[in-house]
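As given in TrEMBL:
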REGION    1-21  region 'Disordered'
TRANSMEM  107-130  transmembrane segment
TRANSMEM  204-225  transmembrane segment
TRANSMEM  231-251  transmembrane segment
TRANSMEM  349-368  transmembrane segment
TRANSMEM  388-412  transmembrane segment
TRANSMEM  424-445  transmembrane segment
TRANSMEM  465-486  transmembrane segment
TRANSMEM  507-532  transmembrane segment
TRANSMEM  552-576  transmembrane segment
Amino acid sequence: MATSATECESGGEGNNGYTKNGSVDLRGNPVLRSKGGRWTACSFIVGYEVFERMAYYGIATNLVLYLTRKLHEGTVVSANNVTNWAGTVWMTPILGAYVADAHLGRYWTFVISSVIYFLGMSLLTLVVSLPSLRPPSCKSLHIDCSAPGVEAPQASTFQIGIFYFALYVLAIGTGGTKPNISTMGADQFDETDLSEGKQKLSFFNWWMFSIFLGTLFANTAIVYIQDNVGWTLGYALPTLGLLVSIAVFMAGTPFYRHKVPAGSPFTRMARVLVAAARKWDAKQPDDPKDLHELDTSYYAAKGLFRIKPTPSLRVLDKAAVKNGVDTPWMLCTVTQVEETKQMIRMVPILIATVIPSTMLAQVHTLFIKQGTTLDRSMGPNFEIPPASLVAFVTISMLICIVIYDRFIVAILRRYTGDPRGISLLQRMAVGLILHIIIMMVASLIERERLRVARKHGIFDNNNTIPLTIFILLPQFALMGIADSFLEVAKIEFFYDQAPDSMKSLGASYYTSSLGLGNFLSTFILSTVSDFTGRHGRKSWILNNLNASHLDYYYAFFAVLNLINLFFFLILAKFYVYKNEALQQS
């Protein structure tokens, strides 16, 4: 816990009943432990997350089908456009984290970003609603676009531009909400109190549970409305859901605990790196107490804690060596050095989680496209929308999180003594192993789909393969189980291991791994498609999935995940947790 990372006392209701982790109210005054915070405040944050994720995934889940059906984009183009947009959604939190940690704090950064988010959603709903802002459908022109040689009407430059402009306004808005909502939730627990520290251990499990509760509604009800009622209502409901989520969050304002902005984390880290480089030949003192540090009263006045020197990455300690020059870019405190160490130690783990994030990109692109070729009938008058299969990711994850948090952790705790049951990196490793299994299963299922298509002489996308869409269920359900291990542990790891004054930036590491994974998915899909289609050979990924080889593509991902697993295990073996590093000092 963070208490090990600070020089503060723990537990009890001392300090006149005030929190002792630097929490303040919205006006900057100290907070009584009995007033707000804890699960009282978190109930509003969790409630927000349910409605916000319903809104976000109400757009994201079926986006690839909107691009192919309404804007008439091809398989590779639409998949890449989705992953590029999703990558942006998950990378903009770096900016939102900076603004929160350095200037506005998490609350006000979140509020301002929510307004931008809502404007983007509203514009997107308007775009899909007005006929003048989208190309005419084949049906309205009385043409059969599936006939050989017949092309669907193309969207104009303006129509494409306004649609993507709305999407990217939305992405900018999420940049200020995604890194701050989870960290603000975790901030409601004072780890210097034993009871609140224990409650915090379950926070990320239930926060993730709320995410996928909202996602479940998006992947079922919203997707069905988009497929069977219309895109206008299908986009209007997520927009309304976002408005409700913002209202729920604002209702909890009187109960929230806040952290005071500590200045730009990027500037503080840059000063350490520059100072250490400029003093590369400086002799380090034998006693770490001789390194430059400020009095504890300085940190207490800012609601922060002083951090002891640790033995890892000792080269950076040179930034705190006193040499007679005390400018900020020549002399840093031990606390600044240790904060930089903590952020740098997480970077290799961040890199190792990028490959698994590309798997999540397949769920909302190629997995769904596979479903469009299969028998979706659920009765004489009902067909299951392909995108609704994503609901099984959600269902399996919800079930797995509850079982893990309520039962498995208690069992593992008896054998390991770890309050979490197993360490965060061990939990992530389980998820990585499951990703390998998922892609192997997906490859085998795709091979069976192609076999049935050839058996019945179906060589294009115009006819339905006589194979139930539920054959894809294993790859969706397994993805949810993998997420309950990897994604929950990942967000908790980056929050837990980040220094107290850089928690939003730590959370942005989590979103960055998703963003980089989506961009990497774009690169891999384009590269593999081009490479396998050279010299007159047939590409693995074509607009016609029945002429493609997604089974090869998924097998390639299985091998890539296996290599990445070995890389991760090496990193995990040598990784020193923040608490352990301080115990060694």
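We count from 1, first residue shown onward.
A Cβ is built for glycine as well, from the same backbone N, Cα and C atoms used for every other residue.
Contact between the transmembrane segment (231-251) and the transmembrane segment (204-225) is supported by 3 or more Cβ pairs under 8 Å, counting only residues 6 or more apart in sequence. Here the transmembrane segment (388-412) lies next to the transmembrane segment (465-486) in space: the count of CB pairs under 8 Å, restricted to residues six or more apart, reaches at least 3. The highest tally of CB pairs under 8 A with the transmembrane segment (507-532), across 204-225, 465-486, 552-576, is held by 552-576. Each of 204-225, 424-445, 465-486, 552-576 was scored by its Cβ pairs under 8 Å to the transmembrane segment (349-368), and the highest score goes to 552-576. Below 8 A, the CB atoms of the transmembrane segment (552-576) and the transmembrane segment (204-225) form no more than two pairs separated by six or more positions in the chain, fewer than 3 in all.
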